[in-house]
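Please read the structure below before turning to the comments.
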Amino acid sequence: MLMMFSPAFVMVMDLMVLVMMIMMMVSSLDAHGHISCIESERKGLLELKAYLNISEYPYDWPNDTNNSDCCKWERVKCDLTSGRVIGLLLTDTYYPPPLLNLSLFYPFGELQTLNLSNFWCQGWFDHIHGYKSFERLKNLEILDISENGVNNTVLPFINTASSLKTLILHGNNMEGTFPMKELINLRNLELLDLSKNQFVGPVPDLANFHNLQGLDMSDNKFSGSNKGLCQLKNLRELDLSQNKFTGQFPQCFDSLTQLQVLDISSNNFNGTVPSLIRNLDSVEYLALSDNEFKGFFSLELIANLSKLKVFKLSSRSNLLRLKKLSSLQPKFQLSVIELQNCNLENVPSFIQHQKDLHVINLSNNKLTGVFPYWLLEKYPNLRVLLLQNNSLTMLELPRLLNHTLQILDLSANNFDQRLPENIGKVLPNIRHLNLSNNGFQWILPSSFGEMKDIKFLDLSHNNFSGSLPMKFLIGCSSLHTLKLSYNKFFGQIFPKQTNFGSLVVLIANNNLFTGIADGLRNVQSLGVLDLSNNYLQGVIPSWFGGFFFAYLFLSNNLLEGTLPSTLFSKPTFKILDLSGNKFSGNLPSHFTGMDMSLLYLNDNEFSGTIPSTLIKDVLVLDLRNNKLSGTIPHFVKNEFILSLLLRGNTLTGHIPTDLCGLRSIRILDLANNRLKGSIPTCLNNVSFGRRLNYEVNGDKLPFEINDDEEFAVYSRLLVLPRQYSPDYTGVLMFNVEFASKSRYDSYTQESFNFMFGLDLSSNELSGDIPKELGDLQRIRALNLSHNSLSGLIPQSFSNLTDIESIDLSFNLLRGPIPQDLSKLDYMVVFNVSYNNLSGSIPSHGKFSTLDETNFIGNLLLCGSAINRSCDDNSTTEFLESDDQSGDEETTIDMEIFYWSLAATYGVTWITFIVFLCFDSPWRRVWFHFVDAFISLFKCV
């Protein structure tokens, strides 16, 4: 039987079907997460890709022939409903154009977020709308151009983006005063980050930014008044750290009642800690550290700040003290407490009232006695404990405890006993342990092997001895950095196979190690190895060529033999130091290191000639005190080498003019060789400090630890989160040795950047001293002593305005000492002894401090320095006329002297021999004396 449906029922059914179809479409939309992007925006993205030279990595954007959905492309975010592009992440572009064309963003009219951080364009332009580019992006709320290197020229473009709520300018080259006028139209700003720029001066009235909730001005050069900040009544987070603010903290800050984060650390605020902080009822993060505060600080100021979670206080003045309040029970419960340089003698009692501390930093105080192990017992969630630079003397640990502590720093205390045997059992989760600069003794406890997660271990500068425990070598499989230097460890380094598959940095210098065992061979991850100043014997293992070292230090050991050729073929080297051993054989023909690498092969027994290509990629080349021979090669061009040290070999020939092409040289040492000929006049082309292209600093180890646990102790809402993370890197020191001011000094780090010197002493150089050397205005040390240089001291030496040491002793120089040399204000050493100089010694300036030892051996000099009067006018006139007569007469006189001496010597011997030919009593006495001497010698 057929059922009949009314028209109304049919209409309802059709409507239900339609609804179901719509629901299916919505369901399909939800399944895909978005609808396809519009074609105009897709083409706009492809134009961006072409203009920005974007490769497939790190951008997964297809080519023009692929009609894929751009909403699915990486770094592109679309609205789920409209399919319009609302977010672009254009960070880390490898080869961007010099200028960014802002008109390329016109197609993205709904854009809300634009991230151009680490983009590294030099500036912006728009040929269509000029500065009004961002005016077209009416929905743009977040703009991030951090770490770009742009300057203030981009600010007029940004000022038209009136819809902006978040603006991040961190890490650029902006300068001048606070950019209030340049950003006057950004009235909707809620977060402004100006950190890590070069802004200066006071803070203006910021009432125009009435919506601002987060302001980061850190790491600039702001100074003067900061009262303009008091207008920001809605401000919740304020970071003024690392600036140059001075004086008292403004009292008007107590009106910022909504502040949750206040960081004024690393400034020059002085006086007592501002009492206004007691009124900041909403504050959760309060950092007052690294200022010049002094006097007593009472915890009563913060006792009622019930929301406080992080409190940091320290002072560079060393005049800040914490007032003792034993009965104080604050309302806050801290997660982080830092009280550095507060002259604490005991752990403050209020800490006992805290229930869940994660970070305790009491470093740089005066804590004494036993390590406060009760902190481990009371706070099971404690993750960071910093007690370095105190005076603790005894390390005791709880017996039955398995703690979650991850960072412990006890360096620079007065511990002088053995480590607790259970240290590894108590701290099995430790990741960063620093026990350096103490007096710990005996061998390492085997329980170190329980530290499965440890990544950084510093045991340097103690009195540990013995060999490394096998349980330690096998158990600490996560170790990244191991520092054992300045102890008494002995035996072979890693005598057996280890489990250090992640070890990158091994620093074990200044111990008693005697050999390199095969256990080291398996640590292929090593990038830094320092075994200098030990007693290593034998040869460098051939398998060393399999490592990709960046830094290798084997100096001052007993190693010998030739060097493995594979050692010099790695492009990763930055420093290779094999000095102070007994290596022999020829030098390698090349050194394939990284740009600006340092090569030390000095104080060995290398022989043969110097390869001309050895200098190619080096910043410092030290070949001093070997057995190298031949001539100085015609080095290949190197515009960056700063120091060339060839002293103490047997090099012969002339000084090649090719050295004048090493324009960046700061220190050139060719002393103690057998070089002949004249000094090249073109040496004035060498920099010696006149062209400072770059400076050399301590190398930060380029190895970081990717740690999942960043030790986040407080998460900020608006400004960039600050997280606690230890420094796993450290600084590598390098040095260059050079003789100056009558002593041999080692120039390290920054001191090298201020040293410029030329040493050609103890050779066989002749001829005049080139007047062109007077062009080396920034040179600080000049040594031409112990040669056969003749002629006059150049008058141009008066131009050496930075000179500190001039040594011209033991030459054949004649004539007067130029009086203008008395204008050299920095000169400490001026030695011209044992020459043929004449005339008066300058008596003004630095010459008034010189004694007679600097002028001895010059019979015709006079002056107060040698207590010889110059009042005899006839003598003075004679000396002056003699000086003007030229070199020829002086040369003839010297020849007559030498010929006369030789003739006298020859005539004396001939007379003696003729005398013996005649029979006489004297002849018989002489031969009797000779016979008696021979008999006596035979008896002996």
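Using the three backbone atoms N, Cα and C, a Cβ is placed for every residue, glycine included.
What Swiss-Prot lists as N-linked glycosylation site is Asn63 (among others).
Annotated N-linked glycosylation site per Swiss-Prot: Asn66 (among others), in sequence order.
According to Swiss-Prot, the N-linked glycosylation site annotation covers Asn115 (among others). Cβ environment of Asn115 (N-linked glycosylation site): Gly87, Leu88, Leu89, Leu90, Thr91, Ile142, Asp144 lie under 8 Å away, each six or more residues apart in the same chain.
Sequence-distant contacts of Asn151 (N-linked glycosylation site), defined as residues of its own chain at least six apart whose C-beta falls under 8 angstroms from its C-beta, comprise Gly123, Asn172, Asn173, Met174, Glu175. Taken from Swiss-Prot, the feature N-linked glycosylation site covers Asn151 (among others).
Sequence-distant neighbours of Asn270 (N-linked glycosylation site): residues of the same chain at least 6 apart with a C-beta under 8 Å from its C-beta are Thr246, Gly247, Gln248, Asn291, Glu292, Phe293, Lys294, Ser317. In the three-state DSSP reading, Asn270 (N-linked glycosylation site) counts as strand. The N-linked glycosylation site annotation in Swiss-Prot covers Asn270 (among others).
In the shown protein chains, 13 other C-beta atoms lie within 10 A of the C-beta of Asn304 (N-linked glycosylation site). Under the DSSP three-state reduction, Asn304 (N-linked glycosylation site) is assigned to coil, being neither helix nor strand. Look at Swiss-Prot and you will find Asn304 (among others) tagged as N-linked glycosylation site, backed by sequence analysis.
Feature annotation from Swiss-Prot assigns N-linked glycosylation site to Asn361 (among others). All chains included, 20 other C-beta atoms sit within 10 angstroms of the C-beta of Asn361 (N-linked glycosylation site).
Note: Asn389 (N-linked glycosylation site) has non-local neighbours Ser363, Asn364, Asn365, Ser411, Ala412, Asn413, i.e. same-chain residues 6+ apart with C-beta under 8 A of its own C-beta. The feature N-linked glycosylation site is assigned by Swiss-Prot to Asn389 (among others), with sequence analysis given as support.
For Asn685 (N-linked glycosylation site), the same-chain residues that are 6 or more apart in sequence and have a Cβ closer than 8 Å to its Cβ are Cys660, Gly661, Arg663. Among the features that Swiss-Prot reports, N-linked glycosylation site is placed at Asn685 (among others), with the record citing sequence analysis.
The N-linked glycosylation site annotation in Swiss-Prot covers Asn783 (among others).
Marked as N-linked glycosylation site by Swiss-Prot on the basis of sequence analysis: Asn836 (among others). There are 18 other CB atoms within 10 A of the CB of Asn836 (N-linked glycosylation site), with all protein chains counted. In the three-state DSSP reading, Asn836 (N-linked glycosylation site) counts as strand.
Taken from Swiss-Prot, the feature N-linked glycosylation site covers Asn873 (among others), and the record attributes it to sequence analysis.
Residues or ranges marked as repeat 'LRR 3' in Swiss-Prot: 165-185. Within the model, the repeat 'LRR 3' (165-185) shows a mean pLDDT value of 91, rounded to a whole number.
Residues annotated as repeat 'LRR 9' in Swiss-Prot: 306-330.
Nonlocal intrachain contacts for the repeat 'LRR 13' (403-426), taken as residues 6+ away from its ends with a CB within less than 8 angstroms of a stretch CB, comprise 363, 371, 376, 380-397, 432-442, 444-451, 453, 458, 475, 709, 711, 726. According to Swiss-Prot, the repeat 'LRR 13' annotation covers 403-426, on the basis of sequence analysis.
For the repeat 'LRR 15' (452-475), the DSSP counts in helix, strand and coil order read 6 helix, 7 strand, 11 coil. What Swiss-Prot lists as repeat 'LRR 15' is 452-475.
The two recorded residues, Asn361 (N-linked glycosylation site) and Asn304 (N-linked glycosylation site), have Cα atoms 22 Å apart. Looking at 165-185, 503-522, 571-593, 663-686, 777-799, the range that has the most CB pairs within less than 8 A of the repeat 'LRR 22' (616-639) turns out to be 571-593. Fewer than three CB pairs closer than 8 A are found between the repeat 'LRR 24' (663-686) and the repeat 'LRR 21' (595-615), and contact between the two stretches is not assigned (pairs 6 or more residues apart).
Here the repeat 'LRR 25' (752-776) is broken down by DSSP into helix, strand and coil counts: 8 helix, 8 strand, 9 coil. Secondary structure at Asn151 (N-linked glycosylation site), taken from DSSP and collapsed to helix, strand or coil, is coil. In this structure the alpha carbons, written CA, of Asn783 (N-linked glycosylation site) and Asn836 (N-linked glycosylation site) are 18 Å apart. Using DSSP to sort the residues of the repeat 'LRR 20' (571-593) gives these counts of helix, strand and coil: 0 helix, 7 strand, 16 coil. Sequence-distant contacts of the repeat 'LRR 28' (826-849) (same chain, six or more residues past either end, CB-CB distance under 8 Å): 741-742, 780, 785, 793, 801-819, 855-858, 860-866, 870, 876, 879-880, 882-883, 890.
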